[in-house]
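A quick write-up on the structure given underneath.
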Amino acid sequence: MHQFEANFDGLVGPTHNYAGLSFGNVASKSNANATSHPKQAALQGLQKMKALSDMGMVQGVLAPQERPDVYALRRLGFTGNDATVMQQAYKLAPHIFLACCSASSMWTANAATVSPSGDTADGKIHFTPANLTNKYHRSLEPEVTGRILQATFADPEHFVHHLHLPENEHFGDEGAANHTRFCHDYGGKGVELFVFGRYAFDDSKPAPRKFPARHTFEACEAVARLHGLSEDTVVYAQQNPAVIDSGVFHNDVIAVGNQNVLFFHEKAFLDTTKMKKEILSKLGFDDFHFIQVDESDVSVEEAVKTYLFNTQLIRLPNGNMAIVAPKECENSESVSRYLSKLITQNTPIKEVHYFDVKQSMQNGGGPACLRLRVALTEQEKNKVNPHTLITEHSYNALCAWVNKHYRDELHVADLVDPQLLIESRTALDELTQLLNLGSVYPFQR
Ligand SMILES: N=C(N)NCCC[C@H](NC(=O)CCC(=O)O)C(=O)O
């Protein structure tokens, strides 16, 4: 049986901008108000998708969301036609207006948590969109994300879609950015590692002091229940509160795993020994590589700056594992030295590929943030909406679509231009036809 780990990358939306919306995310804060380049951002993302597809990986694309979100602004009391709603909000509540303009759905590691069929009680793939409650701009995503996922994975025989968790900080859920899966074969039984930042119902437990812990233990448990995972296939681990306070707002900024490898920083978790023991005993095989990076090799600060761990760890068709890293890793002396040495060691990781995703990095989104992983058997892959898979043809069509509709440059003040809303809706309407998604956007309903 053929089985794969497919990567579904988020297509960067036409309003990609830097608004400094994410407290606790160093890059987002430090690039606030910088000029963005939506066309370049979308093309950078597409190039990465095409490169992975050329390496023989199954690569898909998830559509972006409709922004500015005038419906969210109306809900907050702004009235009139769309242009008036936007202008009033920009004048009276600029921060709220900017939050309603973010193209943050591009980071599809936060779109959902996905449990492959090998792990679930009913043998189907389960999806739960993340509620992203901790940041207002991201909390606008789950409903449309759910519709896009349903249009991409439509067959009820193989795919189950759950409603996102209650929109409340107690069940703060950031999706696959805090989730990884270990297994022997992608189609077989695996162990799912759920990572959280704090306990919502127990104040006595450790928690960060400076920056928010976005994801709770209670959210992890709820998703595991919804997906029909049994106790013996799940491991829960708390992030080290100190690293959250150093800018590690999601666990995928400090750890990445795949199959029989966990690549992580020594400071990532609160109790590494316990977590390692539980992973090994639940997996039931010993051929496992815990690749721990020590502070003396790469500091947490350097890891956050370069996104060493926000790399994709992929299993190539030739059996080797490769790391897909941002250029920032290549440009850092300590990180590039570390990676050059790593691929000569006795681990499955034998290649490193560097990509320019700077437009995303400037908002705190590296290669791993841009993708949602879905482990699929051949049969399940054949049930995925074929228009969403990257081929030579779909890649060329998507690049042409971006070149036709996207602006080269965007300043924060441009977001209030009613013409941008018209441009975005025209582009997205055409995209739903290209990807055969149906009417997923509010303006289409
Ligand atoms: N680590 C993962 N998986 N994802 C990265 C998400 C980055 C995103 N940045 C933003 O939303 C910034 C938007 C702005 O400031 O304009 C966030 O903080 O949620």
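Cβ atoms here come from the backbone N, Cα and C positions, even for glycine.
Heads up, TrEMBL stuff is auto-annotated, nobody curated it.
Residues annotated as active site in TrEMBL: Glu174 (among others). For Glu174 (active site), the Cβ neighbour count at a 10 Å cut-off comes to 30, with all displayed protein chains included.
Under 8 Å, Cβ to Cβ, and six or more positions away along its own chain, His250 (active site) finds Ala109, Asn110, Glu174, Ala177, Asn178, Arg214, His215, Cys369. Per TrEMBL, active site is recorded for His250 (among others).
Here the Cβ of Cys369 (active site, nucleophile) has 28 other Cβ atoms within 10 Å, regardless of which shown protein chain they belong to. Look at TrEMBL and you will find Cys369 tagged as active site, nucleophile.
Annotation source TrEMBL lists substrate binding site at 19-28, Asn110, 137-138, Arg214, Asp252, Asn363. Over all protein chains present, the Cβ of Ala27 (substrate binding site) has 21 other Cβ atoms lying within 10 Å.
Neighbour list (Phe23 (substrate binding site), Cβ cut-off 8 Å, at least 6 residues apart, same chain): Lys29, Lys135, Phe211, Pro212.
The binding-site residues under consideration are Asn25, Asn110. Their Cβ neighbour counts within 10 Å are lowest for Asn25. Close to ligand 1, meaning a Cβ under 6 Å from one of its atoms, is not one of the recorded positions Phe23, Ala27, Glu174.
Asp252 (substrate binding site) is surrounded by 27 other CB atoms, counting those within 10 A of its CB over all protein chains shown.
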